[in-house]
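A.B. asks: Handing you a structure now.
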Amino acid sequence: MSENSNYVKANVACWIKTSTPNMPDPHGHGHGSEEIANPIELVKFKVICVAVLLVVALIGGLVPLKLRVNERLLSLGNILSGGVFLAAGFTHMLAEAVEGFNDLLIDKKNATPIAYGLCILGMLLLLYIEKVLGNSGEESEVSFGHSHGHSHSHSVDEEASRASRGIKKEHTPASWLNVHILAVLLSAHSIIEGVALGVSSSTGETRDVLIAIAGHKLFDAFAFGVNIAKRNPATPQLIKMVCLFAFMTPLGILLGVSILHSSNNLIAEVVKAVSAGTFIYIAISEIILEEMSHAKDKHLKFILLLVGVSSMILLSTLHGHEHG
């Protein structure tokens, strides 16, 4: 009888722990204590993040309409953002998810396996979206890879040459279908990244995720702008599509904030762990491997990759001291 009573008490305690909002630790060591102490400041900071990411996306998306950007610099900047993204996934988001599950679960030994399992699920989710839903088995003329210094170089050069000779490229329905597929895939990325920022439970964590997203968003937006511009659409149509893409990350942030402030904190930690997997997948599969597959500037790219990783690890260390 006493065993049954203890079992019921444990289950009630577990329900209370996973269903009630984060309460501040009197000693200031609890997970999310920074958020509870300054909830209004955190929301204000996330509003600033929305504005920053909107501007970054609009600049990146509209630049191909007017300017010819140095492709080598884009490639080097992209590998730097890959390092930032990789470290952000491991040292910030996944670490925060493990900490969150440790706070929420009574059986602490399950916290790490659950967080890592959800992280892997996030990687598989993005793999499915890109390689299964986004690829019907035929080679698309639209590159979803982030190796902008190489993937798009021939297309951009060719289109610039055509434009200088006054030659318009015929944009067939198939080519525009590819552009819309790219738009859907990049929008899915943007929403996932926005949710990751939205569920961040402290100003320091939000800042770190913002840095990772902003660098990557610039190159995503540029890839999107190039793929539209090279089909010579009317300027208002290009601006409309870029603006629609730019608002996807703020939409994700709004969803993330809603999840964070819901009554069930477990959902926020699940989203955070899954988002960590998407960050790691993007960094390795779409940025680092793409950029390092080209012979040019390999040593410099590797150094920039290390710089990106190191900078985020340093931020993670500083963030850890803030919680300490």
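Cβ coordinates are placed from backbone N, Cα and C, and glycine is handled just like the others.
This is the feature table in TrEMBL:
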- 154-164: compositional bias 'Basic and acidic residues' (COMPBIAS)
- 143-164: region 'Disordered' (REGION)
- 45-65: transmembrane segment (TRANSMEM)
- 72-91: transmembrane segment (TRANSMEM)
- 111-129: transmembrane segment (TRANSMEM)
- 175-197: transmembrane segment (TRANSMEM)
- 209-229: transmembrane segment (TRANSMEM)
- 241-260: transmembrane segment (TRANSMEM)
- 266-288: transmembrane segment (TRANSMEM)
- 300-318: transmembrane segment (TRANSMEM)
A.B. asks: Count the Cβ pairs between the transmembrane segment (72-91) and the transmembrane segment (241-260) that lie under 8 angstroms and are 6 or more residues apart in sequence, then report whether there are at least 3.
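C.D. replies: Taking Cβ pairs at least 6 residues apart, the transmembrane segment (241-260) and the transmembrane segment (72-91) are not in contact, as fewer than 3 fall under 8 Å.
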A.B. asks: Give me the stretch from 241-260, 266-288, 300-318 with the greatest number of Cβ pairs under 8 Å to the transmembrane segment (111-129).
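C.D. replies: Most Cβ pairs under 8 Å with the transmembrane segment (111-129) come from 266-288.
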A.B. asks: Any residues 6+ beyond the ends of the transmembrane segment (300-318) with a Cβ under 8 Å from its own?
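C.D. replies: Residues packing against the transmembrane segment (300-318) from afar: 75-76, 79-88, 91-92, 95, 204, 207-208, 211-212, 288, 291-292.
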